[in-house]
Amino acid sequence: MNLSFLLLFTTLLTGTLISISSNSWLIMWIGLEMNLMSFIPIIYGNKTPYESEASMKYFLIQAMASMMLLMSVLSAEMMNNINSWQNMVLISALLMKMGAAPFHLWFPNVMQGLNWINCFILMTWQKIAPMVMASYQLLNNKFINSIIILSVIVGAIGGMNQTSIRKMMAYSSISHIGWLLTALLMSEYYWMMYFIMYTILNMAVIIILNSYMMFQLQQIFNTKMEATAKFTMFTSMLSLAGLPPFLGFLPKWMIIQNMIMFKEYLTILIMIMTTLITLYFYLRMMYSAFSLSNQGSKMLNENKNKMVLMISISISILGIPLITMINMY
């Protein structure tokens, strides 16, 4: 890890923290720009053509979204009031920044050009600032409900015919944005709980994919993995898909309960049905993990990596006692 990466990573974190802690929209915008200008050199770290293309696409989309955000903020400041159209433009700009449908087309293509560490940052940390900023102006109206429904549908259908694991993870992330926005409409507590669990489970999956350098679906079938790594990947993937009784089902269960309480039956029905489609392509990805006896030469021999795998398994299976305890009380 060189000093330039450390500096860029520090400013990346600082930009997000400025955006989520400020009470001025202009300072929030400055925080987003700091975050953007730090992330682009991190993306372009190895200077490959794919990274070059991904960084350019990311810059253009984020710059366009920033322009929309700044335009809506300045027009609202001039009028001393924000009307419904300005609010819609502002929310649309933030949705574009996080990659929600129908502003999602850049997201899988950018993910395709990144390494796994940068994919993890893009799927988790880069969503925090836009989501927190959106929470200040988020209203439970037809526009937001249509965005939620579109995100879960696009996330489910888009990932079905993919052979690239990074694109599958990108479409899964778009689907999770729909659930995160729903959680955000309820309360910041539900959003935070869902986001933390999503981040932990994503980390568990990406650690293994990065260790074995898997990028295509065929590689999962062909790579010989040790049983511990396979089982960890298997449980983490199913947990990320929201299959009960794993940990990933817990926040979804709470959102389902709240949606039923608010009588949002149609929305939650669509969300549950599309999650089943998402579960299908996760299972397709994990097909080889069912044969746990297939041990081979390409193994993680370091004790440190084995410890990480064991922690990941524990995190995924932790959902079983947690859900049981919550159900009892």
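Cβ atoms are placed via backbone N, Cα and C, with glycine included.
Under the heading domain 'NADH:quinone oxidoreductase/Mrp antiporter transmembrane', TrEMBL lists 22-278.
Away from its own ends, the transmembrane segment (29-46) comes close to residues 4-5, 8-9, 11-12, 14-20, 22, 52, 54-55, 58-59, 62-63, 66, 69-70, 73, 97, 113-115, 118, 121-122, 126, 129-130, 133 of its chain (Cβ-Cβ under 8 Å, at least six residues beyond either end). The transmembrane segment annotation in TrEMBL covers 29-46 (among others).
According to TrEMBL, the feature transmembrane segment maps to 58-76 (among others). Residues 25-26, 29, 32-33, 36, 39-40, 43, 82, 86-87, 89-90, 92-94, 96-97, 103, 106, 110 of the same chain sit 6 or more residues outside the transmembrane segment (58-76) yet have a Cβ under 8 Å from a Cβ within it.
The feature transmembrane segment is assigned by TrEMBL to 143-161 (among others).
Note on the transmembrane segment (192-215): residues 115-117, 119-120, 123-124, 127-128, 131, 164-166, 169, 176, 179-180, 183, 223, 225, 229, 232-233, 236-237, 239-240, 247-248, 250-252, 254-255, 298, 300, 305, 308-309, 312, 315-316 of its chain, located 6 or more positions outside it, place their CB under 8 angstroms from a CB of the stretch. What TrEMBL records for 192-215 (among others) is transmembrane segment.
For 227-250 (among others), the entry in TrEMBL reads transmembrane segment.
Residues or ranges marked as transmembrane segment in TrEMBL: 265-283 (among others).
What TrEMBL records for 307-326 (among others) is transmembrane segment.
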